[in-house]
């Protein structure tokens with residue numbers, strides 16, 4: 001049976017009412033006739049039958065009256081519903097009108113905001129133009145001093161300003177970064193919160209293999225200073241103005257133009273404008289190859305800059321051939337055993353290691369990546385050999401490279417090899433700080449293992465002093481040592497050596513900053529609470545590391561923000 005509309009129900013109800021009224025009138029007429037018959041004859045022979053008919057008619061009339069009442073109620077209800085529907089339509093019309101007015105107001109607001117933003121940009125541009133004009137008016141006095149300062153700058157030039165653009169930065173930047181962050185195995189750097197490049201590193205990345213001419217040096221130094229301070233709104237217009245002037249005077253295909261392109265590319269990289277930076281670096285690479293030759297150190301520096309940029313965007317496959325070509329140039333120009341070659345090997349290994357992690361996240365079986373793992377190990381081992389031979393076992397890069405190599409071992413499940421490297425780093429740091437190892441002067445890992453062996457013989461409340469002076473190792477606040485302590489502690493936890501892990505974690509959190517705070521607090525309850533909170537944070541980090549089995553390397557190759565955001569591989573800087 002098909003459903004009826006409201007109008008059809010009301011129409012049928014009216015028809016039924018008319019029929020019921022006619023039926024009621026007919027019943028009343030019949031009942032009146034029966035009553036008249038009963039009244040005219042006092043005792044008719046069929047009086048009982050007539051009375052029974054009258055009763056039946058009366059009941060039928062009652063039913064008819066009830067039906068009429070219900071029909072009237074239905075009609076009244078239909079009328080009410082029509083009224084409600086009319087009100088509803090009226091309200092809908094009002095809502096549509098209000099929506100239209102709201103949309104119009106939003107458009108007006110958006111237009112006004114755009115005008116305001118355009119006005120603010122115009123004002124900001126005028127202010128920058130004013131500053132630039134003021135700068136150009138005062139730069140002449142610096143030009144007069146360029147020749148006088150050139151000789152002094154040559155004398156002050158540090159021979160450590162190498163042409164390699166490291167994927168992990170200088171030690172000062174490492175210290176600052178390492179003490180600010182904590183992660184699974186060591187500190188982690190996130191691209192989303194990348195700070196401006198320090199001036200010394202910025203200069204290395206730009207000047208590598210090419211001498212800045214005197215007429216550009218003042219402007220070059222100013223741009224580096226502004227960029228290192230994060231004042232990109234000043235640095236970018238200066239670079240663009242210098243590029244325009246250079247191209248007018250020297251032409252586009254000139255080494256000075258390539259140098260300024262490198263500067264602007266690194267400024268864009270610090271602003272996370274990777275596409276613009278890549279275009280500029282490719283342009284600079286083409287110019288340097290054309291003007292300086294394909295095997296010039298400046299070409300290797302630009303290739304390495306480009307590889308770092310691709311690495312930050314997670315394009316490790318594209319970065320690897322660039323890094324390999326930079327390595328070939330450095331080997332050809334500097335020799336196979338030069339420390340700069342070792343740094344390039346480290347960069348190449350880190351890129352390959354990140355590429356492996358990327359492939360594993362895509363579901364590639366680990367068996368298919370064994371060759372890549374072996375390649376990473378070869379790069380690290382060769383870099384380690386160069387560092388130890390040329391710079392000595394105490395050079396910071398030796399410990400960093402050992403940590404990197406240990407991370408590669410851990411990813412393959414080679415826990416014993418990784419443990420040996422971690423112990424070597426800690427032993428060497430202990431010897432530098434406290435002298436030769438003997439029965440009374442033990443490295444922290446050895447004390448930790450002894451505590452693990454004797455954990456059932458010593459009460460939990462026993463002070464640390466009873467186990468020798470191991471806690472003094474907390475004074476060794478090198479980020480590399482701290483990272484190694486955390487990594488070895490997490491490895492101990494994986495092996496079920498919880499007492500040894502806690503010993504290393506306690507030592508790791510006793511950095512110089514923590515030690516100063518504890519001294520200031522005088523070991524008050526507040527100081528004890530801070531120490532306990534730090535231990536809890538470190539243990540949580542170790543547990544997360546073991547659950548994910550993500551042993552991070554020590555580098556500065558970060559993933560693009562468009563990569564995976566959970567458990568993403570941001571790399572440790574020690």
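Just so you know, glycine gets a Cβ as well, placed from its N, Cα and C.
Not measured: the values here are computed from a predicted model.
So that you can see what the record holds, here are the features copied from TrEMBL:
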type: REGION; residues: 144-200; note: region 'Disordered'
type: COMPBIAS; residues: 153-162; note: compositional bias 'Basic and acidic residues'
type: COMPBIAS; residues: 185-200; note: compositional bias 'Polar residues'
type: REPEAT; residues: 258-291; note: repeat 'TPR'
type: REPEAT; residues: 300-333; note: repeat 'TPR'
type: REPEAT; residues: 399-432; note: repeat 'TPR'
type: REGION; residues: 519-574; note: region 'Disordered'
type: COMPBIAS; residues: 527-543; note: compositional bias 'Basic and acidic residues'
type: COMPBIAS; residues: 561-574; note: compositional bias 'Basic residues'
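Model confidence over the repeat 'TPR' (399-432) stands at 91, taken as the mean pLDDT rounded to a whole number. Residue counts for the repeat 'TPR' (399-432) by DSSP state, with H, G and I taken as helix and E and B as strand, are 31 helix, 0 strand, 3 coil. Broken down with DSSP, the repeat 'TPR' (300-333) shows 31 helix, 0 strand, 3 coil.
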